[in-house]
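Asks: One structure is given below, represented as structure tokens, and several questions about it will come after.
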Amino acid sequence: MQVYLEGLNEQQREAVLHRDGPIMIVAGAGSGKTKVLTTRIAHLLATGVDPFNILALTFTNKAAAEMKERVEHILGNNEARNIYIGTFHSVFARILRAEAEKLGYPRNFTIYDTDDAKSVVKTVVNELGLDDKHYKPNTVYNRISSAKNALITPEEYINDYGLQQEDMRSNRPMIGQIYDAYCKRCYKNGAMDFDDLLLKFYLLLKTHPESLSKYQRKFKYIMIDEYQDTNTAQYQIIKLLGAMHENVAVVGDDAQSIYSFRGATIENILQFQKDYDEVKVVMLEQNYRSSQSILHVANNVIANNKGQLPKKLWTSNAEGEKIKLVRTATDNDEGKYVADAIQEQKLRNHYRNNDFAILYRTNAQSRSFEESLRRMNIAYRIYGGISFYQRKEIKDFLSYLRVILNPGDEEALKRIINFPARGIGKTSVEKAVLFANQNNVSMWNVLGQAAQFGYKASTLEVINNFVIMIKMFQSELQKKNAYDLSILVGKNTGLVKELFNDKTTEGLARYENIQELLNSIKEFTETPTEDGELLDKSLGSYLQQITLLTDADDDKGESDVVKLMTIHAAKGLEFPVVFVGGLEETLFPNAMSINTREELEEERRLFYVAITRAKQRLWLTYANTRYRFGNLTQNDPSRFIEELPEERLDRAFAGGNMRNNQSNQWNSFDKAKTGFRTSSQENRSATKEKPAYMVTSPVVKIKEHTPTEGFTPSDTSNLQEGQKIEHQKFGFGEVIKMEGAAHNPVATVKFEHNGEKKIMLNYAKLRIVE
DNA sequence: GATGTGAAGCTTTTT
DNA sequence: GCTTCACATC
């Protein structure tokens, strides 16, 4: 028997040894999925498959890197470097580079990140004479993104009755036209957004039979990780690519499908067996990760969902400790409690910072945890949020590099044309864009022939200097590698100097960030590429790589830190000790996702993912009150709490002061299955007891109001001017004005004691008095 | 054209 | 509560 097969259980071995024909591996949480995938690849290679014929697709760069590393480890050689292992986006981007001209794109096409894309949407909305307050870039972009992920072209969108109806209903009938204009603008800019990397690749395969057969022949063995999260575009691509050999192996877990908001359809995994004549199905049901208690709780939770692939996860691990379910008075107390618990665990059970993860539903929740950890001097790192590459100074610098490579990239050009300031102001830029649109050329072309467009002499001169500088950089493109060119750019543009001269704290941070960027470019040019295919150290090669990187990907140092991230970001990871915060109604499950059974089930799967990240110990926490939108809100405990098996729980309450914790046990009043009702009295006294350092802000002078007995929020969807209402904190008042978008109405209320306030009805709880 | 101020936006998740 | 954006001022 091959050495690599040792240590696999029966099902895992079955999955590895099945060489030809479609196979679906249903891999429960912690069941050794990556091990199976990597061993499978090793087995293919060991039995004579050429590494060039293998394609393995993942969702994150991290997963791809790990897979590559582990295959190499099993094989003990570097054959793996010739395998196409990468994310959907990066692998397709690489192929699209090579085939760009067939689709009419420049080889050096730019990849627009979400910010770039939204900016283009805004530009286009304005150019169509529409109001970007109503056609919000965010909303419109999401709509376009969904269309692309469903492989719907602008023409199809405009002609689709259902979609048009939806847009009519939301009073945004022009989205189809915006979509069309957006695509045209991206094309003109020589740019693809994230979704294009899938969509255009699909179109390439669909419209160029020779390309299709080329890649079908190349990718004889295809492996897909996290199949439950694929969207329609990805699904169709896999189907096309795999049609010739049908050696498609998909690995996934329907219970962990959490990306439907991004177009993923759980149907893809539920239907896989019907896509091919004979599908081998293997269930991996033994969990090697978690304690029995943790797994038991997870199983209980997910059992509340309908329509799952039938399976029962089990483990031979130790029973482990009970799950701690902790209620706190406020979100700050929650943060404090978690930081204290980490400290205590470190002392008592010899954990290191690295062993802990704090998971939450929304990024905004990180704040209270952050503050407490900082106060306790516990090192931490937040994953997600603004990534390094989205920072302003980094984007500015990268925009220079983008323009050098693809001067058609109008977004980048607009960013840098007057940064650092060189006297090309807003009006000059607007003029250039206008000329470009009128003459159907790029903005760069207009700048190159600025003399013909009637700029005044002084402006003309600075424009020409700018153009000459960029052209000079371009002429170095062939001669210099990415790093040397970047240094040249930094010097000649004065960008680095400008930041260096800024001695404010932020300026210093920005300067350091630029240095860090330059370091990473240097590292890129000095590390041998693993692609085998090309040892390309050019700027183009660099830019392609980094656009698809996210914050989670650069584990710089991987030092000993507590990790904070959203549950979404934690998928695929595991930690010895996990804290899941904010188990409250409207937060988790999120208010946005409780309208349909499907949405609620996805939230529950998310909770399942959170629980199953834990190996040894698990804490679930929730707060009575928490600041949201600057308003103190009260939330009921999450409905998911009721789905936890009582016998595996260890309940506790933590007020403002941890030391009183032991004596302050969960009482029978709170334990009532109906969820506890916090009286405002109890609530406020808890707030008052907070030590001074925990007070969040210089308190706004509000005349505190005690809600009426049995305060229940009313349905405010038809709230009218003139109505009388009661607000939990501000008291009684009269609605004097209604405004805001239909889905986000805002009421101006004149309160008896607290003046006029604007209240967002989506978030505030109001009781209609009359 | 740069800088400062106040209001309005926002918060579901991201390759 | 925090961030972004528009507008006003110098």
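Using N, Cα and C of the backbone, Cβ positions are placed for all residues, glycine too.
Automated prediction, rather than curation, is the source of TrEMBL annotations.
Straight from TrEMBL, here's the annotation block:
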type    : residues                                                               : note
BINDING : A:Ala27, A:Gly28, A:Ala29, A:Gly30, A:Ser31, A:Gly32, A:Lys33, A:Thr34 : ATP binding site
DOMAIN  : A:6-291                                                                : domain 'UvrD-like helicase ATP-binding'
DOMAIN  : A:292-572                                                              : domain 'UvrD-like helicase C-terminal'
Asks: Which one of the binding-site residues (A:Gly28, A:Gly30, A:Gly32) has its C-beta surrounded by the most other C-beta atoms within 10 angstroms?
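Replies: The residue with the densest Cβ neighbourhood is A:Gly28.
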Asks: Can you count the other CB atoms that lie within 10 A of the CB of A:Ala29 (ATP binding site)?
Replies: 25
Asks: Determine, for the ATP site, the additional residues of the same chain whose CB lies within 8 Å of the mean position of the CB atoms of A:Ala27, A:Gly28, A:Ala29, A:Gly30, A:Ser31, A:Gly32, A:Lys33, A:Thr34; present them in sequence order.
Replies: A:Val36, A:Asp253, A:Leu284, A:Asn287, A:Tyr288, A:Arg289
Asks: For A:Lys33 (ATP binding site), what is the tally of other C-beta atoms lying within 10 angstroms of its C-beta?
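Replies: Taking all protein chains shown, A:Lys33 (ATP binding site) has 22 Cβ neighbours within 10 Å.
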Asks: Around A:Ser31 (ATP binding site), how many other C-beta atoms are within 10 angstroms of its C-beta?
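Replies: Its Cβ has 26 other Cβ atoms within 10 Å.
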Asks: Specify the secondary structure state of A:Lys33 (ATP binding site) as given by DSSP, simplified to three classes.
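Replies: For A:Lys33 (ATP binding site) - judged by DSSP and reduced to three states - the answer is helix.
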Asks: Just jot down the residues in the same chain as A:Ala27 (ATP binding site), at least 6 apart in sequence, with C-beta under 8 A of its C-beta; none if empty.
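Replies: The list for A:Ala27 (ATP binding site) reads A:Lys33, A:Val36, A:Val251, A:Gly252, A:Asp253, A:Leu284, given in order along the sequence.
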Asks: Over the domain 'UvrD-like helicase ATP-binding' (A:6-291), what is the model's mean pLDDT?
Replies: 92
Asks: List the same-chain residues at least 6 positions away in sequence whose Cβ sits under 8 Å from the Cβ of A:Thr34 (ATP binding site), in sequence order, or say none.
Replies: A:Ala63, A:Glu66, A:Met67, A:Arg70
Asks: Let me know the DSSP-derived helix, strand or coil state of A:Ala27 (ATP binding site), please.
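Replies: Where A:Ala27 (ATP binding site) sits, the three-state DSSP reduction gives strand.
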